[in-house]
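*Asks:* This is the structure, below, for whatever I ask next.
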């Protein structure tokens, strides 16, 4: 708990009443010696200044007045005539003094209300009545007990007679429910209940042998319950009494090491009690259950008084004889001093930790197991993500049981309705009807125009539709009408009056004259038709190519045409400015001549009509000139030209350029009416990034306009409708134009960043209304690297998460239910290895010492690995180390090759290696069957201080720690002696197994079958190799014991050619029996190889039959006098396996990448990372290193999941189950699964497994 303030006084104290900022009144403690040996006694008032965050400043009294004597007790009541109340002091000289708190604070000289000396001796205790603040009870020496009325302070009356008792009244307390009931405690051990109304004793309790009473306190809610304490150092007890059975206490609280001096029962929560005493400690209890929650920081002298704040029970104060009154709170568990010391100790290395860590002072680090009653809410509600409201209420009033209700909630019902309607319309695919509906419902001209343009883009010929939308429909009819108005198509215009002639002007007159001139020659109509006659036709109109009257230009053109040199003829015609002749020649000369003629024509017409420049741009395919230089008042005509003539590759960019010009015009002229025209250009060019900016600007303006004119709608509803309209336009536009976002893979600088922000906002809105799939759909349109989108996507995934189905497995599943039936019996003929040395004399069968994490064992049977080839059996003892590395020894010399089981089909031979010798100080352990796993701590377990407070209050002992010779402190000594003579029985006793630590053990995963002594037990590890049994009667020397190789993994190749799981063992191809001897002598196994607690325990009995393995011929029994020679083996790897074509390595992703975690493993990442963040945010700073290490190891696991390596499918499924158990706070199940994976799948475990273990422990300890 946090110490907020300190008052540097050895004094009794009282809290100020009322809800104002808390003050404390202190009176110099009678009989106490001050640090400066001053004998001054006074009453002081202190303002704690709790609103200030600076707790280092020393407090100064705000009021002070001298007294004639020291104080034994103080009381402060909220009296009606005084705004700050009245302070009463119980003085050592027997005087009862009353002060006006207001006048004390103001410094008035008449602050003393009265001074009364009715008591003949010292007043030991006093208290105001909680129901009637004018009544004051005082008790003191010689059993004197007075009741005073502030309205008539000079006439108190006494309870009891003077001759009744002569013992001192040490304490008293008014009943909190019945105003006229008072209890007193005396030095003679009498606890007396008084009825003030009748002025008589109601009941007397015998305080367990008339032990002196130091404090009494009534239950704040139950009027018949009270608590008493004794100040005796030999018997520091607190008794809980129920007056309905006053013969004996209901409960006894034991926790203090010396006499209890003060009690304070929290008036707001009857489950909280403070006690302080001569052991310098202040304890917090639950008096209803007798549970001690913990202790507050220990001081250096007696704590003689402790009190809750009457108005705000978050605060309490404790006075001690070390010269301080500490004001503390129950809302935190660490002090600044403790945090600084913890950080200092965190930096200590292994060399000086034990030398310096004991200087750490005792601090309080407990937390209340449940919220105090004043913080409990009878009901509550919270909005949940995904359109849910979670409400909590009491099942029954007065009981702590609650019910939780989750109900759907929508801020605006129209949001869900419009979203659903739009999504259904999209599924139907009728985009045109959507556009028509939205256009008819548009609230502004801009919005209506946008939907019309989008509707035009849906048609089969979007450009033609855009031209029609621009108003250029029926061009042919319009041109014909205009020509008709000019009179060019009417013959009767020749003679139809003056008005027609005047309208045509001079051009019309010339036309009429020429027409009438040629009408007189009817043969002219057949001229051209005559020229098109057949090859043999002749005409009666002869002509001369050269008649002598030609100009040089005519001759040059004629000669060039005769020779087919159209380019030369064109040059002559252009030089002579004969444009009509030039175009005719260019037509005959081909495209090059046509382009040359056109270029010359346009160069000569620079000052001609405007249509000439337009025609030049069209002919020259240079519409950029029109886009950049045409007047913006004619943007519609420019847009029509683009829709008609622009190339498909340039059309979008031309439209964008025209829109950019219009946007620039908007900025220059502030004419927002052009915004609709720019939107048209951007829509026609499919430039989503440009039109979105305009739409968002229109959204803000329309929203603001709607808010100003709205009467019933809320601002949220208006904003959501506008946002919905924007999303609908963008969605339809993307589908119509088949828009492809090419920037989703970028990390930043997105062109559509404004749209992405709206997508995220819209996803949040629809998710709030319960449409999670719709939200996911739009979040998928946002780049993966967008920071806000990543957060939103994680929220959606968590809200949409379902139980991940487990992958189908080909292996036998691991059973987690207890198994109580016996295992199948093994064959009576054990398989024998190909070669073994003679065995030692038989000895009593033994079992390995207790392994708390090993599976349960059977006496005469052993489960079978259905995927392991038949192998010989051997007995291998294990040490008592529960934390040894997996796989037996941690070190194997180079070249060492343990004996291998025979390959399939070979005839096994008799004989086997004997068991390794035991150390001289060991004896066989007794056969024991365990049904529950013990909770033994490991070297990497969570520090003890993380979950429970330190038990010693004096500090760490200075005794030097014992030398640790092993990195695993509980590891047994290694075997160091040679083998005993054959047949030598063990003579000395084995060391005892260390007891398990305190704590509840996890439930057993497999119940051990019945033990049948004296047969050995064997661990039920389905992945371990079958053990070997020792033969009998051999007289040869005993070779060093081999380590038992693990069987092949059930996920690898079939048992005929499996790669060995032991990296030091040869491949299976080299394990076949060979008639030749090996040229290399066998290397002995490493000494002192401690067996792993997770490998199978040995046994002398054969294993049960393997129902999945090929049958093995019965072994032939060889003579026991001599073993056959060893068969040759090779240490080289298998040629077949080494030459086997390697599969392509899976892709490796960088550390920290989580985007490739498969769906079935995603719950592991999400749950564990979320729980790790919860622990990280609440863990004390002294455990920062452990928390960061656990987080680093979990990231290793997440990297494996992201790369889909190391962990097999069944392990992934089990880890998902473990994660769900942690999420449900089912830590026993999580721990059981963790032990199972660590025991049976060690090859998949790594550094990450330690992080999972630490997270389980930290999560359990974190509230």
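Glycine too: its Cβ is placed from the backbone N, Cα and C atoms.
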*Asks:* Of the ranges 463-486, 487-510, 511-534, 535-558, which one does Swiss-Prot list as region 'Disordered'?
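*Replies:* Matching range for region 'Disordered': 487-510.
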*Asks:* Go through the chain and flag residues at least 6 beyond the ends of the repeat 'WD 4' (164-204) whose CB is under 8 A from any CB in it; none is fine as an answer.
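*Replies:* That would be 121, 124-132, 135, 137, 139-145, 147, 157, 210-223, 226, 228, 241, 243, 246, 267.
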*Asks:* With CB pairs under 8 Å as the measure, which of the listed stretches 66-109, 255-295, 382-407 comes out on top against the repeat 'WD 1' (5-47)?
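*Replies:* Most contacts with the repeat 'WD 1' (5-47): 66-109.
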*Asks:* Give me the mean pLDDT over the repeat 'WD 7' (298-338), rounded to a whole number.
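*Replies:* On average, pLDDT over the repeat 'WD 7' (298-338) sits at 86.
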*Asks:* I need to check the long-range neighbours of the repeat 'WD 2' (66-109): which residues 6 or more away from its ends have a CB within less than 8 Å of a CB in the stretch?
*Replies:* 11-18, 23, 25-32, 40-43, 45, 115-128, 133-134, 136, 138, 140-141, 148, 150, 153
*Asks:* Tell me the residue counts in helix, strand and coil for the repeat 'WD 2' (66-109), as DSSP assigns them.
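*Replies:* For that range the per-state counts are 6 helix, 19 strand, 19 coil.
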